[in-house]
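Visitor: Handing you this structure, nothing more for now.
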Amino acid sequence: PPPPLSWIKHSPSSCFKNFSTASSFPLFPSISPSTHRPLLQTSDGEQPQVLLSSSSFLSFPSLSRSTSSFSPLLRSSLLSSPRNTAQRSAQADWLSKTSRRTMATEKTDNKGPIVPYDPENVFKKIIEGKIPCHKIFETEHVIAILDAFPAVEGHSLLIPKKEVSSIFELDEQTAANVYKELPRLCKAVQKATGCDGINVLQNNGRAAGQVVFHAHMHIVPRFQDDKLFKQFASSKDMISSEDAKNILTKIQANL
């Protein structure tokens, strides 16, 4: 089996071209080498789309740093990381021989919100024990792990074991299994990091920033004035009764 490793890239390689120079990509965070702070930038200068709890905008390629830089409290609470240089060397060697395309399969012919399940996705391989991870806990129905390239310390993922590509395929029981464990994970992350708040994020479809086509939730610790990402701008005008009635009719007709 492959050696344990401290990171697994789960975004297509196109997202990481020139990443070391903090180049801008639409809707993806990059890193300022001088400050190591996540920044949101867009290549065309437009205001980037941003995130709200339980919404579906963006997944994080996020920052390339070893989990050895995590705080002792987080390590003891959430993490079982490599202990010596030899292990880290083995990890780097394994990564260098592993194609990113084995971790996230791109299906460019699928442009709609409902994307077929990718049987080669990295989360399925983690669940099956074929790829190592930093596991927080596991139940019969879900697995919780540290994001391999965290946007911020403590950035975690909650993943259903059932093979569903997105929320559009999520049945009621699977959804219940996931949400049953969500408060427990959020509370553990908050206590471990001392964060001031948490975003719970879930991306569905390529247009919404989904990269790995196995449904999953991001648990992202937030700190006051952390500038990780900004609240998206709401309309200055309240929705009119006519517009509300129009969209309500359409949504309710599809329930």
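From the backbone N, Cα and C atoms, a Cβ is placed for every residue, glycine too.
In TrEMBL, annotation is done automatically, which means it is predicted and not curated.
Reproduced below are the annotations present in TrEMBL:
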type	residues	note
ACT_SITE	H216	active site, tele-AMP-histidine intermediate
DOMAIN	122-229	domain 'HIT'
REGION	82-113	region 'Disordered'
MOTIF	214-218	motif 'Histidine triad motif'
Visitor: Around the Cβ of H216 (active site, tele-AMP-histidine intermediate), how many other Cβ atoms lie within 10 Å? Please give the count over every shown protein chain.
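Guide: Counting Cβ neighbours of H216 (active site, tele-AMP-histidine intermediate) within 10 Å gives 25.
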Visitor: Under DSSP, the motif 'Histidine triad motif' (214-218) has how many residues in helix, strand and coil?
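Guide: Grouping H, G, I as helix and E, B as strand yields 0 helix, 2 strand, 3 coil.
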Visitor: In the same chain, which residue numbers or ranges, 6 or more beyond the ends of the motif 'Histidine triad motif' (214-218), come under 8 angstroms Cβ to Cβ?
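Guide: For the motif 'Histidine triad motif' (214-218), the sequence-distant neighbours (Cβ-Cβ under 8 Å, at least 6 residues beyond its ends) are 59-60, 117-118, 121-124, 147, 155-160, 163-167, 169-170, 178, 182, 199-204.
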Visitor: Counting by DSSP secondary structure, give me helix, strand and coil numbers for the domain 'HIT' (122-229).
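Guide: So the counts come to 34 helix, 25 strand, 49 coil.
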Visitor: Averaged over the domain 'HIT' (122-229), what pLDDT does the prediction give?
Guide: 96
